[in-house]
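Below is one structure, written out as structure tokens; comments come after it.
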Amino acid sequence: MSLLQIYWRALGYLAADKRRVALICGANVALAAIAILEPIMFGRVIDAISEHGSVFSTLAVWAGLGAFNVIAFVLVARGADRFAHARRSEVLCQSFERVITMPLAWHHQRGTSNALHTLLRAVETLFSLWLEFMRQHLSTAVALVLLVPTALSMDVRMSMVLLGLGVLYVGIGRLVMKRTKAGQAAVERHYHKVFAHVTDSVSNVAVLQSYNRLGHEAETLRRYVKNLLDAQNPVLDWWAIANALNRLSSTISMMVVLLIGAYLVTHGQLRVGDVIAFTGFATLLISRLDQMSAFANQISEARAKLEEFYKLEDSAADAAEPDGLRDLTNVTGHVRFEDVGFEFANSGQGVSGVSFEVQAGQTVAIVGPTGAGKTTLINLLQRVFSPSTGRILIDGIDTRTVTRKSLRHSIATVFQDAGLLNRSIEDNIRVGRADASNVEIHAAAVAAAAQDFILAKSGGYDTVVGERGGQLSGGERQRIAIARAVLKDAPILVLDEATSALDVETEDRVKEAIDELRRDRTTFIIAHRLTTVRDADLVVFMDKGRVVEMGGFAELSLRNGRFASLLRAGGLLNDEEVRRLSRSVQGEAA
């Protein structure tokens, strides 16, 4: 994107309140015009003094303009500040909402810390641009437009010096922006690397402390910061050179203007007041050119930050759902996979040709070795990804034709990592349903076997669980997650390794709550511990993205295939168990 496109898009965020922007812009135009009158008034005063005329009327007008200028400037600055702060807050909230509503696949692709860093830095950059636009950029542009013809009307010869100075400023600015474009982009990349390293290290501080990696991480950060400074310093050097050249050019230009003015006065072609007024114009023009140079520096620095932000917003818009999707309502829980296939970009992994059917209220266990595609299958069910081939039907409706919000409303998930927020226990349970009453929250906790340990804590339901639930035990965190799913009361339940991180005793307590939660719900269980799949109506064994075996627990145990081999390897299937299962199957057949 060009600098003009970047700047214009940044100003587009102000269009939410066009009337307010127009009022501030109009006031800026008036202030710019008043600023041009001051050198003229000063010149008139000097002429009056040199000609022994009356100066009081001119001084009175000048004083009135000055007082108006001060009051108007304060009001404009106050209005611009308040409006810029309000827009920053609104854009931050809008962008945050847009980012968190994106599919998980979008977050996996971009990285959470990268999106967060891009968002925060861009919002601050936008705020600075808005503030400077309403305070200086517009008034500078108006002043330059008015100054040039006014100066030409006073004296063409001295004006040509100022025009040459303006051309020189523009040339220096363009040269420096061209020289620093790649460097500024590199600076932004290094900022992202520093932020990502800090976020990653702090998020995993327990692991780093355990392995005595704190010194190494700090040293790595110092290396990243050094690389950042190494990239930043050449950019700063170029702008320092630009400022020095601009200062030198403006000083020489003022000397030339004064020399020309002195010559014209001595030859009777201009009055002293005219020269003084023109030098006032020259000083004003130079200050505006300095502001223009600062603006060029600011927009050049903002380019890399805002380009990333615009890409983020555009990708979020591209990932947004199309119009016309229906809501999934009155779900009974009948789920069918029809020849479903999906492949991850760059890895070739995924699932292929998956077909099975789950009746409403049944439990299906998806098992298999690591990397078999179990979690991918569940992600496809929840439309984290969309199938590249085949389709997934819920109550006969293709999930790609319904809104993600209504689909998620129909599915409750209990993850291996409970995923608790650093808030109270009540707030964490309320994630399941925001409008739930306290009675409903307590009932969900009772159903999840969590009520006793919650009430045993000094803060009860107001107890803050800490970051990622760090103040609770593993079993307590899982029961809070189960209570959340109970409160959601969705017709489809997903248990994603929900008990694999628990010890046997804690797992038994949590399993009772899970069994209660599964009742009358279509349930998908992803499990490594095969003890958790005994009660499943259907077992789907996957390997390398394909369904290898499928059937009931007893059926697959007796088939002596991959599933039975896993059971035997885990000590869960022996000859006695085979005979018992065989008698059970024969009894059902009879």
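The backbone N, Cα and C atoms fix where each Cβ goes, glycine too.
Swiss-Prot lists transmembrane segment for one of the ranges 248-268, 437-457, namely 248-268. On the 0 to 100 pLDDT scale, the domain 'ABC transporter' (335-569) averages 83 in the predicted structure. Against the transmembrane segment (275-295), the recorded stretches 22-42, 136-156, 158-178, 248-268 differ in Cβ pairs under 8 Å, and the greatest number is found for 136-156.
Note on the transmembrane segment (158-178): residues 3, 144, 148, 151-152, 238-239, 241-242, 245-246, 249-250, 253, 256-257, 260-261, 278, 281-282, 285-286, 289, 292-293, 296, 300 of its chain, located 6 or more positions outside it, place their CB under 8 angstroms from a CB of the stretch.
Counting other Cβ atoms within 10 Å of each Cβ, the lowest count among the binding-site residues GLY368, PRO369 belongs to PRO369. Here the transmembrane segment (22-42) has Cβ contacts under 8 Å with residues 58, 61-62, 65-66, 68-69, 72-73, 75-76, 79-80, 83, 134-135, 138-140, 142-143, 146-147, 150, 276-281, 283-284 of the same chain, all six or more residues outside its ends.
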